[in-house]
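Beneath this line is the structure, given in structure tokens, with notes to follow.
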Amino acid sequence: MLGLILKDFINLKKNFKIFGALILLYGFMAFAMESSSYFSSMFTLVFAMLILSTYSYDEMVKWDGYALTMPITKNNIVQGKYITMLMLTVLGFIISGISLVVINTILNVDNLFGGIQVSALGAALVILFYSITIPFITKLGIEKARFIFIIVYMVPFFLGFMGYKAIKEQGLQPPVKLIEFFEFCIDHAYIIIPVIVLIALMLSYSISIRIYQKKEF
Amino acid sequence: MSSISSVNERTKANNPNKLNFSKQEKVDMMNDIMTQNVIEIKNLVKHYKGFSLNNISFSVPMGSIMGFVGENGAGKTTTIKAILDLIHVDQGEVSIMGTAAKNLSKELKSLIGVVFDGSNLHDNLTVVNINAIMKKIYPNWDEEVYKSYLKKFQLPEGKIIKDFSRGMKMKLSITIALSHHSKLLILDEATSGLDPIIRDEILDIFLEFIQDEEHTILLSSHIISDIEKIADYVTFIHQGNIVFSKSKDELIYQHGVIRCRKEDVSAIDKSYIVGIRENNFGAEVMIQDKDRFTRKNHEFNVERTSIEEIMLFITRGKELK
């Protein structure tokens, strides 16, 4: 399985170079806007998108069928992808953290903690996003699954927007208990978010394994 | 997998105190080794929309090269995928080295080298990258062997695979298959689309590989001349059915072609006829059981044939009325 992860990272080498240039560009924008949180939120999200490229590269050369003739099991292939995804997310988080320190030092502002909070939230969202999408990619392949990404992105946005509009039009005040619940969630976000992410990840992994076992190559 | 040791163990189990074997016993042991099948397929059925593998059975003996031939779309790749457990079969059993293909351990899988038609290696990788990756995948990866084949095939270290020609990609896939002490090579159209010189070079490598009596090759191809050149056995698949699976020499020895006038065809015993081809000058009749036929029918001159001709007569020869 180590070989599979190594294969993904070597394949992404070219993309990493492009990302090096992007870091500079975003850094420059953050510098110009004198705000580093924009940088941190963007960066973690965009960095994690690289996992999608590894799926494309594999599909292009029908890698999976070939890899399965090697001493690799179907489960190994799924595990490899989840680990690569997590590693990319963590790597994105670390690089964005380092960049934040640099930008904050240059700008001489103290927004480091806030920036890291935003990055961490970005990382959590990324893992949640992939927990939903990886089973779809496993089932449909990357090309067909692209439509699913749009839905995963758009549906919560659209529902939120509609809900907000409906509440606003009716001039409703949210019940006190709901506000209290949200306040509770925000206060305990450091526990709640990781737990949700972990559960989603575990569910997603077991679904992907089941789908992959049934696949033909 | 080590067949010789397993045969020895079996013989010892029968007579544990015996250390010296008679000549006949040694011959029997060798026969036992030679008749061990590395791949065994029994009654394999797989249905697709518009195509089916129908009750496929054949086996590949250890130490031999099995040529797996058939036209495009005959079911060669599907059969190979079933052997490698890449598809779920509807019925039947496939075993490799005595183990069900579904339950192959990583140790056994590491003894199999596979080459598919076309390259399955990513465009951005170099041969150096592949060495690093395969080292982590195969516990028995041999870097020295890998490098020696790279040198032999003149595969450049600096270039990415995207810039490789088709022949170079194929050579690289074969290099990988040979660089982890494989005992079984499964090659699906590994020589197709290559020029005759490269094909010849690759066939020589396969012949070198098979010098070890524990090594076995299953080579699928629609280029019959390649199969004729190196195979010991030939399995012919046609429209999802196995037409024959026999020793190449036996096939060539048992079949023959009679060239005669169209009106003379009726004089040939129908039970011997495999297929008939007619042209403006007369008829060509492929017969089987050549020896018996020539003993009974002195008036016909039976000419030697080839695997390619046998296949063509079977698939395209005029049906008998």
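Going from the start of the chain as shown, residues are counted 1 onward.
Glycine is no exception: its Cβ is also placed from the backbone N, Cα and C atoms.
Non-local neighbours of the transmembrane segment (A:16-33) in the same chain are 39, 42-43, 46-47, 50, 95, 99, 102-103, 106-107; each lies 6+ residues outside the stretch with a CB under 8 Å from one of its CB atoms. The transmembrane segment annotation in TrEMBL covers A:16-33 (among others).
Per TrEMBL, the feature transmembrane segment maps to A:39-57 (among others).
Per TrEMBL, transmembrane segment is recorded for A:82-106 (among others). Within its own chain, the transmembrane segment (A:82-106) is flanked in space by residues 1, 4-5, 8-9, 23, 26-27, 30-31, 36, 39-40, 43-44, 46-48, 50-51, 54, 112, 115-116, 119-120, 122-123, 126-127, 130, 134, 201, 205, 208, which lie at least six positions past its ends and keep a Cβ under 8 Å from the stretch.
Per TrEMBL, transmembrane segment is recorded for A:112-133 (among others).
The transmembrane segment annotation in TrEMBL covers A:145-167 (among others).
Residues or ranges marked as transmembrane segment by TrEMBL: A:187-207 (among others). Through the fold, the transmembrane segment (A:187-207) approaches residues 78-79, 82, 121, 124, 127-128, 130-132, 134-135 of its own chain, all at least 6 residues removed from its boundaries and within a Cβ separation under 8 Å.
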